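First comes the structure, then the notes that go with it.
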Amino acid sequence: FKGGDTCEYLLSSGRFLGEKVWQPHSCMMHKYKNSEAKNCLIDKHVVFIGDSRIRQLFYSFIKLINPQVKEEGNKHGNIPFEDKSASIKVDFLWYPEVNGSMRQRIKSWTEGSVAKPHIIVAGAATWSIKIHNGSKEALTQYKINITSIAPLLEKLAKSSDVYWVLQDPVYEDMLSESRKMITNEKIDAYNEAAVRILNSSSRNSKAKVKVFSVSKLIAQETIMKSADGLHLPESSRDTNAMILMNVYCNKIMKPIDGSCCQPQPPLTLIQKLAFCFFTLSIIGYIIINLIHRNNFRKNKSCTDLESGEEKKPAISTPNVSTLEMLLHSFCKLGLIMTYFYLCDRANLFMKENKFYTHSSFFIPIVYILVLGVFYTENTKETKVLNREQTDEWKGWMQLVILIYHISGASTFLPVYMHIRVLVAAYLFQTGYGHFSYFWIKGDFGVYRVCQVLFRLNFLVVVLCIVMDRPYQFYYFVPLVTVWFMIIYATLAIWPQIVQKKANGNCLWHFGLLLKLICLLTCIYFLSYSQGAFEKIFSFWPLSKCFELNGNVYEWWFRWKLDRYVVFHGMLFAFIYLALQKHQMISEGKGDPLFSNRVSNVLLFISIVSFLTYSIWASSCKNKTECNELHPSVSVVQILAFILIRNIPGYVRSVYSSFFAWFGKISLELFICQYHIWLAADTKGILVLIPGYPMFNVLVSTFIFVCVAHEISQITNDLAQIVVPKDNSTLLKRLLCIAGFFSGLLFFAAMQDQSRH
């Protein structure tokens, strides 16, 4: 850890990911859109002063504001640019040499007679080398001139952002005869002089001239693609302009995926209260633990004075009290949340941008599949979608999704479409699992509902508090929660139709189908009526849960993307349980699900359907169009997979314990990845060990999986305490939880008021 000033890293170091993506050392660079650039530079005056290379940087910079700008005008003269809509002025001033003329222009800004620019970008040297044929006298004069300019630039740096661009290397083999005297050796000498002289009189001052040396590193990789050996190719100078935009604008715009030059966000009131709570929990647990240890030592052993023999008293191990278990859980959770905060809110650990390559996605996929197949065991039961099988399904899907996120594979549309099916499959299991439970058990009690809601939402609520993020930010949990409540409401409202009742009268089956049809109609209506959907979720306090960036559009989009798949899961559960009840399927160990002929036909159709969907998804050209079809067709591949996995008796009788282990903590893995595996709210990658990408992934993954497993255990422990089976005690706990959330809303309102 070298300190928190990532601006220095952004301006001085980095590497290329692939051919065109620049990765600054230790931080993430945001790709600014035109609208963002305008918002940042509104009412600003920017000046580029120097030679033809600075002119190139000037054009790349103004194209970030207005991409329609053409590079025309007097090459050896001043070039003005103005965006009247945002009151932005950007000027290029032609001063190819560091001499008295440049000094006079810079001095005019320090005297107050002329308005100071907000940003000054300066640099020159190659003309001095060229005009004076690379003589030593020219270098000496350059040092004298830059020494006279340095105090003026340092003075300007107190009120403006001043950047000195070091000279890029040249590709000597491509230089024309008139430029042959410009060598990399001479350029290095001029750069060394500039670095030594600038800021020499203000070494301890915070206001300094920022040396823009990263351009040299970029040029070393790309100068061979130059048209003349002197000027950078367009992609390289665009990268330099984007770096310049990040240096100035990140602290103003605060983009999530632009961690360079961003200060650490201040702690909110709610975060401070959470910190106090966890601190008190840790202190309380330590005190109780010390008291227990002290009592244990007193009674550990006693010596029989008469016989001289040591006797161990018959002390039974006391049961752990509810308070101790509660404090123990919050103690562990407090330490884990500290790690979360340090990883993704404090500027302690490094963050890097994602960069997708086919190998970075497919090689880990093959590796985990081999591991999964290696850990194959027999299932305890051979029913369709038994517990081991669903855990296995969740596990391998979660691992694939994790690899998809860390590799940045969302940029590759065929992979994106297949991942969408995996997310839909999770929701399919939600519909299947909860429908099966309510249909078979007929348990619509408050205890069951509270248990499910607590296990789904506990971690997310804690992260919303500690990480200062809205509930909707962790979109999958709100999605699963709302669908659970929809399933519950559909089956719980009058008339309550369950399997026991339906067995007595077959007409009840039609009643249930009627309920499902009503549910499908409501889903269809809401999916095509954005206004009605937004009205429902815009009521307070629902709006506090489902708004993101001031509106519920993101929530509507997420809900709409997989709107039918939960219904499909419920319908599949109903049909499967009906077939099972009437003994129309065979679920014995090693037996095919149906007769051999029917099984073979269904298996063939399933394989063809599975492959057909994959071919369609791989041929997608437009994400918007494919997303429109996805809700209706994703069920094809899901059902095909279920049949392929369950029709053959042997395949149904085995499962991968490796995948099943991850499946049991799949929800925790999905949520924890946001902050302690990925970084900047999933936009980048957490770097614990810089310079060793593979080793870094291994270490961060190990910690990440251990933390997810620990949080799963903490959630289970707390669920038993917070949601007891006794109805009167449960009611009291619910009132306490309601009070807690009321307080949370009150403090959130105070925070919003203070921010505004």
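Just so you know, glycine gets a Cβ as well, placed from its N, Cα and C.
Positions annotated as domain 'NXPE C-terminal' by TrEMBL: 22-92. As annotated by TrEMBL, domain 'Cas1p 10 TM acyl transferase' applies to 253-734. Look at TrEMBL and you will find 269-291, 355-375, 395-416, 423-440, 446-466, 473-495, 507-526, 561-579, 599-617, 659-680, 692-711, 731-750 tagged as transmembrane segment.
Listed by sequence, the residues of this chain that lie at least six past the ends of the transmembrane segment (507-526) yet keep a Cβ under 8 A from its Cβ atoms are 486, 490-491, 495, 497, 501, 532-533, 536, 563-564, 567, 570-571, 574, 578. Taking Cβ pairs closer than 8 Å, the transmembrane segment (731-750) reaches residues 269-270, 273, 446, 450, 465, 541, 544, 722-724 in its own chain, all 6 or more past its ends.
Same-chain residues lying 6 or more positions outside the transmembrane segment (395-416) and placing a CB less than 8 Å from one of its CB atoms are 354-358, 360-361, 364-365, 368-369, 372, 422-423, 425-426, 617-621, 623, 626, 656, 658-664, 666, 669-670, 673, 677-678, 682, 685, 697. Note: the domain 'NXPE C-terminal' (22-92) comprises 22 helix, 19 strand, 30 coil (DSSP; helix = H, G, I, strand = E, B). Regional average pLDDT for the domain 'NXPE C-terminal' (22-92) in the model is 94. In terms of C-beta pairs under 8 Å, the stretch of 269-291, 446-466, 561-579, 599-617 lying closest in packing to the transmembrane segment (473-495) is 446-466.
Within its own chain, the transmembrane segment (269-291) has Cβ neighbours under 8 Å at 323-324, 327-328, 330-331, 333-335, 337-338, 465-466, 468, 744, 747-748, 750-751, 754, counting only residues six or more beyond its boundaries. Outside the transmembrane segment (561-579) by six or more residues, the chain places 384-385, 420, 423-425, 427-433, 435-436, 439-440, 479, 483, 486-487, 490, 499, 509, 512-513, 516, 519-520, 523, 526-527, 585, 627, 630-632, 634-635, 638-639, 642 with a CB less than 8 A from a CB of the stretch.
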